[in-house]
């Protein structure tokens, strides 16, 4: 919302969710047309080894551009301990269906975090100064916003795995399931985006939790819940990365020993990345434009256009022809903008409004000084 402008951001959020719904169904249709049951085999059947190799790289890189548990007090120890204790054992599962109940717990925690963000929008929002451009319709960084939104909705890399785990999988059943999931997801995203942006407007950070003060115990609990959701969700991403390695180097099958070795290697490298990076915003942008955008917009459309024998005027083909060039534009320009104009990052430092005495150093109007001075009362009455 900060990058795109609040009104345009909302429109883009609906658009990206619609494209996600369409492309997920398109992938399964492409699999049915080509007689394949994995994303990699679909692309291999459609575009040969070069396409297969490109997709494998994108799927492999996706989990490595993730910066989990962004907690800055002893974060290295916490990440290491949680990885060894929880993430690694869960990632060793060989059946993705067994992760279903774990994902359900993650969804419940997400709802709890949403409630915390909503509560703070009411209690904290009125006391945070609003930036001058808070309510403009559109901003020049809208393409970067599309990249972040694409990251939020990306699940294409494991859609065949989930599809095959369904009882009696069919395209119609998959379409209903995806539509219901997308509707729930977009509603959650809208509430998160609205409450977060209304609270902090132009001061919103790439990681919303960086906006809250450290002595806010309720938000600290929310940070803990967020860390748990990452721990519970990451094994599915590891599952896809491991499958890529198995398909490319081991003919699709891993022995028990190699299964453990590959899993440990993937988790280790990803953990090292998360230990070195503490800015979630640039991570979301780069992941969105480099991995999520081609996996959502470009590859499903290209596969369907080449495989389908429907007439050019068919709605699926028209939509695919629209999605493909838009995805290419978002990928190229989004990457350039993410590198040249990255999101703000506090690197774990508290925001200025957590220290009312320092407010005079900011470029805001005098009317906001009184608002921010009230934060000293908030720090006592609300945060503690």
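Numbering starts at 1 and runs along the chain as it is shown here.
Glycine is treated like the rest: Cβ placed from N, Cα and C.
As given in TrEMBL:
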type: DOMAIN; residues: 79-338; note: domain 'Amino acid transporter transmembrane'
type: TRANSMEM; residues: 6-28; note: transmembrane segment
type: TRANSMEM; residues: 49-66; note: transmembrane segment
type: TRANSMEM; residues: 72-90; note: transmembrane segment
type: TRANSMEM; residues: 102-122; note: transmembrane segment
type: TRANSMEM; residues: 142-166; note: transmembrane segment
type: TRANSMEM; residues: 178-200; note: transmembrane segment
type: TRANSMEM; residues: 220-240; note: transmembrane segment
type: TRANSMEM; residues: 252-277; note: transmembrane segment
type: TRANSMEM; residues: 283-305; note: transmembrane segment
type: TRANSMEM; residues: 317-339; note: transmembrane segment
Tertiary contacts of the transmembrane segment (220-240), defined by C-beta under 8 angstroms and 6+ residue spacing from its ends, are 59, 62-63, 66, 68-71, 78, 82, 86-87, 90-91, 93, 96, 99, 102-103, 105-106, 109-110, 112-113, 116-117, 157-158, 161, 209, 214, 263, 266-267, 270
Which bits of the chain, at least 6 residues beyond where the transmembrane segment (317-339) starts or stops, bring a Cβ under 8 A of a Cβ in it?
19, 22-23, 26, 141, 143-144, 146-147, 150, 282, 285-286, 288-290, 293-294, 296-298, 300-302, 304-305, 308, 310-311
Are there at least 3 C-beta pairs under 8 angstroms linking the transmembrane segment (6-28) and the transmembrane segment (283-305), leaving out pairs fewer than 6 apart in sequence?
yes
How about long-range neighbours of the transmembrane segment (178-200): same chain, 6 or more residues beyond its ends, C-beta under 8 Å?
1-2, 6, 9-10, 13-14, 17, 20-21, 24-25, 110-111, 114, 117-118, 120-121, 124-125, 128, 149, 152-153, 208, 211
With the transmembrane segment (6-28) as the reference, which stretch in 72-90, 102-122, 142-166, 252-277 has the largest tally of C-beta pairs below 8 Å?
142-166
Recorded stretch that, among 72-90, 102-122, 142-166, has the most CB pairs under 8 Å to the transmembrane segment (252-277)
72-90
